Amino acid sequence: MGTVALDSAGISLKDGGENGGLANPKKLDAGALFVLKSEGTWLHCGYHLTTAIVAPALLSLPFAFTLLGWVGGVLCLTSAGLVTFYSYSLLSIVLEHYAQLGKRHLRFRDMAHDILGPGWGRYFVGPLQLGICYGAVIACTLLGGQSLKYIYLVSSPNGSMQLYQFIIMFGGLTLIMAQMPSFHSLRHINLVSLFLCLTYCACTTAGAIYIGYSRNAPTRDYTITGVGINRGFGVFSAISIIATTYGNGIIPEIQATIAPPVTGKMFKGLLVCYSVVISTFFSVAISGYWAFGNQSQGSVLSNFMANGKPLLPKWFLVITYVSTLVQVSAVNLVYLQPTNVVIERQFADPNKGELAVRNVVPRLIFRSLSVIIATTLAAMLPFFGDIMALFGAFGCIPLDFILPMIFYNVTFKPSKGSLIYWGNSLIATISIVLAVVGAVASVRQIVLDAKTYRLFANM
């Protein structure tokens with residue numbers, strides 16, 4: 001039972017298996033061969049999905065509620081959860097369909113190449129995914145530095161260290177961990193990440209409830225912030241925040257880590273992931289907004305400090321911040337994988353071993369370079385969250401809300417009178433409108449905040 005490595009569409013064949021049957025196969029490039037090894041189980045897939053989706057970005061959900069109110073916030077959070085679960089399930093079905101035809105896709109760009117045409121994969125989906133994922137790496141590096149700074153300020157409230165110094169420290173940790181050769185090799189790290197996200201979300205929820213009932217509880221006002229056009233743009237900004245929080249953008253790469261046969265395994269992984277999503281997203285969003293109302297800040301953890309003084313015991317804050325710090329390092333590694341695929345494809349030799357000197361040396365050099373660039377940008381641009389909101393509107397919504405619907409309709413060609421055809425078309429159309437308006441709202445916010453921007457600011 002020999003295994004044959006196939007072309008850049010990312011195919012892995014086993015004699016007589018579900019992936020068999022292509023004539024004149026070409027060898028996989030080094031990016032697919034080394035980084036996207038297909039050796040995992042559906043449980044490993046669940047760990048990867050959870051780390052990619054249940055990230056510290058969810059701590060901004062109470063802030064999104066300040067722009068939407070109780071009804072709008074719960075409705076948008078629920079709708080986005082249902083749509084993304086449906087969307088990722090459709091994407092998985094399409095991937096399984098091509099695997100059964102003997103043409104397994106290991107990358108998002110390969111799906112677009114085969115389904116929509118070569119230009120879509122090379123000039124739109126590939127660059128878009130790479131930009132979004134590398135932007136997420138920069139944002140995670142910034143968040144890791146902020147978490148380190150929070151821990152420092154809890155122990156030394158009058159400390160003089162600057163944010164960029166903590167970002168560099170976090171970048172050093174990422175520099176070491178980024179050398180792990182494949183996506184599959186992150187499975188144990190991502191299992192730990194799953195428990196850590198449950199930990200800091202439980203701490204955040206408990207902390208918000210504790211503060212809400214304490215004698216130091218802030219005055220709660222649930223009036224939606226903004227008036228007139230500002231409120232309208234605020235609504236679309238909030239929708240972009242929620243969409244980005246649920247965003248993933250690497251579903252094909254995660255499914256690529258599953259050993260064949262792949263049928264049904266991704267759906268089980270999604271069930272694992274969304275059981276964590278439901279227990280964390282809603283608890284943090286509802287408890288945070290209940291406790292702080294429209295005073296909820298960009299990260300609800302910032303509300304745990306008032307006038308430089310902690311509203312919770314220091315040991316409790318340290319547990320929360322450390323859990324966030326370690327988990328965001330795992331998220332960072334997950335979103336580095338598309339960059340690693342490109343690096344391996346360009347500089348590694350698929351005819352040599354994964355750990356051969358010929359491949360280890362360029363891997364060490366270019367992965368380190370990618371981390372150094374991301375760390376430098378995070379230190380220079382501590383206001384990167386505003387820019388990431390724009391990336392989310394342009395990237396997360398197309399990759400997670402629009403393309404899966406199009407891929408399904410193009411692949412399976414459901415009847416134009418069927419519910420699934422019109423349902424997919426409606427979701428894609430609404431998502432396109434939200435992406436455009438969300439992008440405009442994000443650009444507007446960048447313009448409004450531009451006067452406060454300063455390179456290497458200590459925020």
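Cβ atoms are placed via backbone N, Cα and C, with glycine included.
The domain 'Amino acid transporter transmembrane' annotation in TrEMBL covers 40-446.
What TrEMBL records for 47-71 (among others) is transmembrane segment.
For 77-99 (among others), the entry in TrEMBL reads transmembrane segment. Outside the transmembrane segment (77-99) by six or more residues, the chain places 18-19, 61, 105, 111, 114-115, 242-243, 245-248, 251-252, 255, 260-264, 266-267, 270, 274, 277-278, 281-282, 285, 400-401, 404-405, 407-408, 411-412, 424, 427 with a CB less than 8 A from a CB of the stretch.
The transmembrane segment annotation in TrEMBL covers 120-144 (among others).
Sequence annotations record features per position, and here TrEMBL assigns transmembrane segment to 164-180 (among others). Within the chain carrying the transmembrane segment (164-180), a Cβ under 8 angstroms from the stretch's Cβ atoms is held by residues 141-142, 144-149, 152, 186, 189, 325, 329, 332-333, 336, 340, 363-364, 367-368, 370-372, 374-375, 378-379, 382, 456, 458, all 6 or more beyond its ends.
Per TrEMBL, the feature transmembrane segment maps to 192-213 (among others).
What TrEMBL lists as transmembrane segment is 233-251 (among others).
The transmembrane segment feature in TrEMBL is assigned to 271-292 (among others). Below 8 angstroms of C-beta separation, residues 42-43, 46-47, 49-50, 53-54, 58-59, 61-62, 64-66, 70, 73-74, 77, 81, 85, 194, 197-198, 201-202, 204-205, 208-209, 211-212, 217-218, 220, 222, 245-246, 300, 303 of the same chain, each at least six residues beyond the ends of the transmembrane segment (271-292), sit close to that stretch.
Taken from TrEMBL, the feature transmembrane segment applies to 312-336 (among others).
Positions annotated as transmembrane segment by TrEMBL: 364-381 (among others).
Marked as transmembrane segment by TrEMBL: 387-407 (among others).
Annotation comment: TrEMBL describes 419-441 (among others) as transmembrane segment.
In summary, the transmembrane segment (364-381) does not lie against the transmembrane segment (47-71): fewer than three C-beta pairs, each 6 or more positions apart in sequence, are under 8 Å. Between the transmembrane segment (419-441) and the stretches 192-213, 233-251, 387-407, Cβ pairs under 8 Å are most numerous for 387-407. Scored by C-beta pairs under 8 angstroms, the transmembrane segment (233-251) has its highest count with 387-407, from the stretches 120-144, 192-213, 312-336, 387-407.
The stretch in 47-71, 120-144, 192-213, 387-407 that contributes the largest number of Cβ pairs under 8 Å to the transmembrane segment (312-336) is 192-213. Among 47-71, 192-213, 387-407, 387-407 has the largest number of CB pairs under 8 A with the transmembrane segment (120-144). When Cβ-Cβ distances below 8 Å are used as the criterion, the transmembrane segment (192-213) is approached by residues 47, 50-51, 54-56, 58-59, 62, 220, 276, 279-280, 283-284, 287-288, 290-292, 300-301, 303-304, 311-312, 316-317, 319-320, 323-324, 326-327, 330-331 of the same chain, each at least six residues removed from its ends. Long-range contacts of the transmembrane segment (47-71) within the same chain: residues 40, 77, 139-140, 143, 147, 183, 186-187, 190-191, 193-194, 197, 200-201, 204, 208, 222, 224-226, 231, 234-235, 237-239, 241-242, 244-248, 250, 254, 257, 269-270, 272-273, 276-277, 280-281, 284-285, 288-289, 292-301, 303, 324, 327-328, 330-331, 334-335, each at least 6 residues beyond the stretch ends and with a Cβ under 8 Å from a Cβ of the stretch.
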